[in-house]
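Peer 1: Okay, handing you the structure first.
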Amino acid sequence: MERDSLARSIISTCLEMTRLGLNQGTAGNVSVRYRDGMLITPTGIPYETLTPSHIVYVDAGGKHEEGKIPSSEWRFHQMAYQTRPDANAVVHNHAVHCTAVSILNRPIPAIHYMIAAAGGNTIPCAPYATFGSKKLSEYVAIALKNRKAILLQHHGMIACEINLQKALWLAHEVEVLAHLYLATLAINDPVPVLSEAEIATVLEKFKTYGLRVEE
Ligand SMILES: C[C@H](O)[C@@H](O)[C@@H](O)C(=O)COP(=O)(O)O
Ligand SMILES: [Zn+2]
């Protein structure tokens, strides 16, 4: 896809993320894999005011184009693409329920089979490190190794997928799971969970779920 249409898709993903209630203010950031690097939202600019010219190209070496400042989290986006060759889009936000679980420093357990959408039977929580730091990107790389979505302790969440639409869908799904987890945790701790074997079965079924039969 051309740079301009990718930039437009990034902006509409940001706006949709806010519309879905997953984010507040200038929190969060969105990127897509592009050439040897990525296109990413600029730092600290409200989504409603973004135009395609604000979107920043960052190359594989972490060098960004002149006259623009990329998201403070460009390092963990870069790490996500390095760690997950299947990912073409990365969404980060401070969704309230995900962030609440991250404050408890707990993974989201297998409370619902949709946990498998993130690639396993838990959604792990990467340890805290200062926003924008190299340390945070290192923690992100470890946590994303076997998962498409993770929590960031005392911060928020990240979702990676093959395209922006799916990354945003996954981010929303994880927020629903976090909400469910907190709701059930208020009544029962630990909450009842599905077995590893059942999640393995769901992971298998997801490989073909929703695929259309060729006519
Ligand atoms: C302080 C920032 O909001 C930080 O939380 C960062 O992770 C974030 O979500 C937005 O930062 P950018 O505007 O630099 O993308
Ligand atoms: Zn953040």
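Cβ atoms here come from the backbone N, Cα and C positions, even for glycine.
Bear in mind that TrEMBL entries carry predicted annotations, made automatically and left uncurated.
From TrEMBL, for reference:
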- Glu73: active site, proton donor/acceptor (ACT_SITE)
- Gly28, Asn29, Thr43, Gly44, Ser71, Ser72: substrate binding site (BINDING)
- Glu73, His92, His94, His155: Zn(2+) binding site (BINDING)
- 8-182: domain 'Class II aldolase/adducin N-terminal' (DOMAIN)
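In the displayed structure, how are the listed features positioned relative to their neighbours?
Peer 2: Other C-beta atoms found within 10 angstroms of the C-beta of Glu73 (active site, proton donor/acceptor) number 28, with every protein chain shown included. Taken residue by residue with DSSP, Glu73 (active site, proton donor/acceptor) is part of neither helix nor strand, so it is coil.
Thr43 (substrate binding site) is surrounded by 16 other CB atoms, counting those within 10 A of its CB over all protein chains shown. DSSP assigns Thr43 (substrate binding site) to coil, not to a helix or a strand.
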Peer 1: Could you tell me which of these binding-site residues, Gly28, Gly44, has the greatest number of Cβ atoms within 10 Å of its own Cβ?
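Peer 2: Top count of Cβ atoms within 10 Å goes to Gly28.
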Peer 1: Which three-state DSSP class does His92 (Zn(2+) binding site) fall into?
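Peer 2: His92 (Zn(2+) binding site) sits in a strand per DSSP.
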Peer 1: Taking the Cα atoms as reference points, how far is Asn29 (substrate binding site) from Glu73 (active site, proton donor/acceptor) in Å?
Peer 2: 8
Peer 1: Could you tell me the mean pLDDT over the domain 'Class II aldolase/adducin N-terminal' (8-182), as a whole number?
Peer 2: 98
Peer 1: Just jot down the residues in the same chain as His92 (Zn(2+) binding site), at least 6 apart in sequence, with C-beta under 8 A of its C-beta; none if empty.
Peer 2: Gly28, Asn29, Val30, Glu73, Phe76, His77, Gly156, Met157, Ile158
